[in-house]
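Novice: Pasting a structure below so you can have a look.
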Amino acid sequence: METQNLTVVTEFILLGLTQSQDAQLLVFVLVLIFYLIILPGNFLIIFTIKSDPGLTAPLYFFLGNLALLDASYSFIVVPRMLVDFLSEKKVISYRSCITQLFFLHFLGAGEMFLLVVMAFDRYIAICRPLHYSTIMNPRACYALSLVLWLGGFIHSIVQVALILHLPFCGPNQLDNFFCDVPQVIKLACTNTFVVELLMVSNSGLLSLLCFLGLLASYAVILCRIREHSSEGKSKAISTCTTHIIIIFLMFGPAIFIYTCPFQAFPADKVVSLFHTVIFPLMNPVIYTLRNQEVKASMRKLLSQHMFC
């Protein structure tokens with residue numbers, strides 16, 4: 001519609017990953033395969049933890065939260081992405097774009113804070129084992145879970161607020177396969193220097209600080225592991241290694257995307273694809289392959305339901 005000779009943008013055109021039809025078909029098949037693994041994999045972890053009375057430790061409670069976040073995160077982007085692969089015109093309304101952006105940052109930040117909580121849990125378990133059951137009691141676990149979900153909500157509200165006050169009256173082509181702050185900001189018909197700085201502070205700097213803090217925490221934990229017996233040391237190192245791998249997979253793409261908002265890189269879409277599709281798949285795979293208790297419980301659960 002026309003208002004004072006300015007066209008108010010009511011929808012965005014997503015340019016997608018590539019313009020090649022053959023490449024789109026290949027990516028469609030690969031993404032569909034990944035997605036069909038992500039959802040069952042994560043829900044299997046949740047169901048396994050809920051159904052096994054032996055998996056009641058805080059570590060498994062937080063692992064269940066992680067699986068839920070991963071499943072939800074992939075659900076925000078992947079289904080629409082698959083539909084767009086089969087559509088000639090990839091259009092998303094302004095409201096749908098803002099909604100997608102909100103849930104992406106809500107769940108993404110929640111997962112980031114969850115990794116911090118899991119690092120705290122491992123620190124208490126390894127560095128203060130005699131006080132572990134007192135500190136990490138069920139009430140504390142639920143409180144920490146509430147805090148991380150609330151933290152993700154606040155972070156997402158800030159991200160959405162950065163977008164809502166911007167005027168969009170010109171170009172409406174988003175050079176991506178989903179709505180995210182860096183691409184949307186570039187379409188605003190006003191100077192966005194301050195907004196991009198705020199985005200760096202809210203997303204990029206926060207991700208970087210959490211990343212460095214987590215690495216420092218696990219460095220301290222690994223140093224303390226030397227005091228454990230051989231059996232305890234092996235299990236602790238395995239758990240910490242798993243967490244460190246997840247940290248790099250989570251924070252690497254996030255830091256790349258949100259600390260460089262002023263310029264676009266050819267690898268941006270590939271990094272975004274990894275962050276939204278590949279990473280949620282890697283979490284359950286890494287945890288189940290490296291955690292003997294979860295693997296044993298999962299095998300038991302599957303055998304019960306397959307041969308009942």
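Residue numbering: from 1, along the chain as shown.
Every residue, even glycine, has its Cβ placed from backbone N, Cα and C.
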Novice: With respect to the membrane, does Swiss-Prot record VAL8 and ARG224 on the same side?
Specialist: no
Novice: Which number gives the other C-beta atoms within 10 angstroms of the C-beta of CYS97 (disulfide bond), all protein chains shown included?
Specialist: 22
Novice: Which listed range (101-120, 196-219, 270-289) shows the maximal number of Cβ pairs under 8 Å with respect to the transmembrane segment (236-258)?
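Specialist: Stretch with the highest Cβ contact count: 196-219.
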Novice: Under 8 Å between C-beta atoms and at least six residues away from its ends: which parts of the chain pack against the transmembrane segment (196-219)?
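Specialist: For the transmembrane segment (196-219), the list is 105, 109, 112-113, 115-116, 119-120, 122-123, 155, 158-159, 162, 181-182, 185, 240, 243-244, 247, 251, 254-255, 258-262.
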Novice: Quick one: average pLDDT across the topological domain 'Extracellular' (1-25), no decimals.
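Specialist: Over the topological domain 'Extracellular' (1-25), the predicted model scores a mean pLDDT of 74.
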Novice: Are there residues at least 6 beyond the ends of the transmembrane segment (270-289) whose Cβ is under 8 Å from a Cβ of it, and what are they?
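Specialist: Residues packing against the transmembrane segment (270-289) from afar: 17, 31, 34-35, 37-38, 41-42, 44-45, 63, 66-67, 70-71, 73-74, 77-78, 104, 176-178, 180, 242, 245-246, 249-250, 253-254, 256-257, 295, 298.
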Novice: What is the number of other Cβ atoms found within 10 Å of the Cβ of CYS189 (disulfide bond)?
Specialist: 14
